[in-house]
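A quick write-up on the structure given underneath.
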Amino acid sequence: MQANNRLFSILVPVISVLLGLIAGAIIMLISGHNPIAGYAALWRGAFGDAYTIGETIRRTTPYILSGLAIAFAFRANLFNIGAEGQVIVGWLAAVWVGLAFDAPMYIHLPLALLAAWVAGALWGFIPGLLKAKLGVHEVIVTIMMNYIALYSTNEIIRSILTNNQTTTEHIPASASLASGYLQSITMFSRMHYGILIALFAAVVMWFLIERTTIGYELKAVGFNPHASRYAGMNVSKNIIWSMVIAGGFGGLAGAMEGLGTYGTITVLASFSNIGFDGIAVALLGANNPFGVIISALLFGALKEGAGEMPTGAGVPTELVDIIIALIIFFVASSYIIRWAITRFKKEGK
Amino acid sequence: MIDILNSVIPTALFFSAPLIFTALGGVFSERSGVVNIGLEGLMVMGAFVGVVFNLTFADVFGAWTPWISVLVAAIIGGIFSIIHAVASVSFRAEQVVSGVAINFLALGIGVFLTKQWYDKGQTDMVSQPFSSTNIPVLSHIPVIGKMFFQGVYTSSYVAIILAFVAWYVLYKTSFGLRLRAVGEHPMAADTNGINVTKMRYTAVIISGVLGGIGGSVFALTIAANFSATTIVGQGFMSLAAVIFGKWHPLGAMGAALFFGFAQSLSIVSAGIPYLSNVPQVILLIAPYVLTILALAGFIGRAEAPKANGVPYIKGSR
């Protein structure tokens, strides 16, 4: 059973991705495009040369962190749809600290990252507290928190960080993650040092979950809050902590955009989607930190490669959004995939 | 004061109508035990279909075009929502996840086809949107007539009437009783011979139909075209209305009216004394803050249907 489960947990995502890509090919065929040309363009757009590889990694970076934000909460059986809001407030906080003062890099940059972490953690703390103390469902609260983040952030950019402008000034180099070295080896893509932070964060999550008492308790509470309570664990403390840490990851994802890719924050007409895409990343990565890295790379490559599809094959970029949505469906409906695999095996015998 | 109301109330009705339709859909789905985060996506689908149909058939149907567009959007919305039903009822998917996928999928399909058919990211403006009218007889009532019945959209009143219909269906018919039973205690309902799967499919499809109507009404009264940014959050606001209205059709309608009112205030506030000093952001985030407060029990406890979000598996306890 154990081996079987492990097999399924790898097979289900792989089959889901394959089904999603096949469905994408069918859609291209129906809409009169050549699927091979389409996917070739997608590949060129994601891994064609050093520049696109750099951009793919740049896009993967926040996905890893927003994926962790959702995966970590999932481990405690909490659904953190609020990653989007956490990303936005983290982005804002990072840029705010970046612009607010001058300091040597070894103080300024960590402080900006810390601010992003705290802002995201605060955005996770509120739903966590409401869930733990009042039993309010975290999904609804986090959705509402997303909008509060979006509108408040826009207002702060307009009236506090700038004088009715839509974009802030560029942060000074002392708070920036931009890397001349990484840019030079990738033909001046926007790749930045954030990828190291994202990979490190994945290791931190693995360590927290697998090697510490906190992680053990979080998982226990996720499996069965009643049993955990009888075992003497503080259930509400664990719920709050898991949302706070998850929110912190989300905030860092925002810092990647604020300190790395853009160096500014702009008034957002709608969501950045980094947090929502993180849901797909976490699901496909089976809520495992290393799974999250792989699936973040997949989605980063899909999204980055999509940019090449209109010019390379005449396919609208939104095809990739459809493929991603279908992959989520297939992973979510893993019950039916499991059923099909089991059925198939039985017949094979 | 009367002048202020005269400008605020029609705007509030105008903004609430799409929210009311969609929120009623949400009430049906969630009352049957299927969480529907996908309302946003259903609205996107409705807006897309409504606009495309309107653009394509404006010459054929003339003044009737917006109404027929809404009807078509309702049908397509219903069909589209079957995906959510299959995933969350038959395939026992995590319903929130399936809803998120619906949102991605609707936006992906909508914009993909827009680019495919119109070669650009957004459609043209529709030539036959809904237009405001004066309601006969009622608009001549002194004071109230001008406030509620002049320069309003018929769709707003259709939405309000529909809320009462939904209340009657859910609370006064055996169909409604069954639907609620399935959402509260599916096993008991099953034991009594109610087909849980069928009821949940029906409820989700109703939510698709109403979400489609909501999206198309929004597109044909407020936005007038379709792009990736036509529907940004109206579906989630409708979901908030469902919860703020305590999963009750009339409550959801009241909440949607209130949210519409808040939105209209944020738009016309500049012309209103006292309010012109309130930062617009306060009015923008008010619906969401209030929903959180309502959930937290500060404004009456909002209690979800018991089996909401739980797939029903025959024979499990």
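For all residues, glycine too, the Cβ spot is worked out from N, Cα and C.
Per TrEMBL, transmembrane segment is recorded for B:12-29, B:41-61, B:67-89, B:96-118, B:147-170, B:201-220, B:226-244, B:256-275, B:281-299.
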Report summary line: Highest Cβ pair tally under 8 Å against the transmembrane segment (B:12-29), stretches B:41-61, B:147-170, B:281-299, lands on B:147-170
Query - Cβ contacts the transmembrane segment (B:201-220)/the transmembrane segment (B:41-61), at least three under 8 Å, sequence gap 6 or more - result: yes
Report summary line: Contact set of the transmembrane segment (B:67-89) with the rest of its chain, CB cutoff 8 A exclusive, min separation 6+ beyond the ends, reads 34-36, 38, 41-42, 45-47, 49-51, 53-54, 57, 61, 95, 98-99, 101-102, 105-106, 128, 155, 197, 200-201, 204-213, 215-217, 220, 311-312
Report summary line: The recorded stretch from B:41-61, B:147-170, B:226-244, B:281-299 sharing the largest number of CB pairs under 8 A with the transmembrane segment (B:96-118) is B:41-61
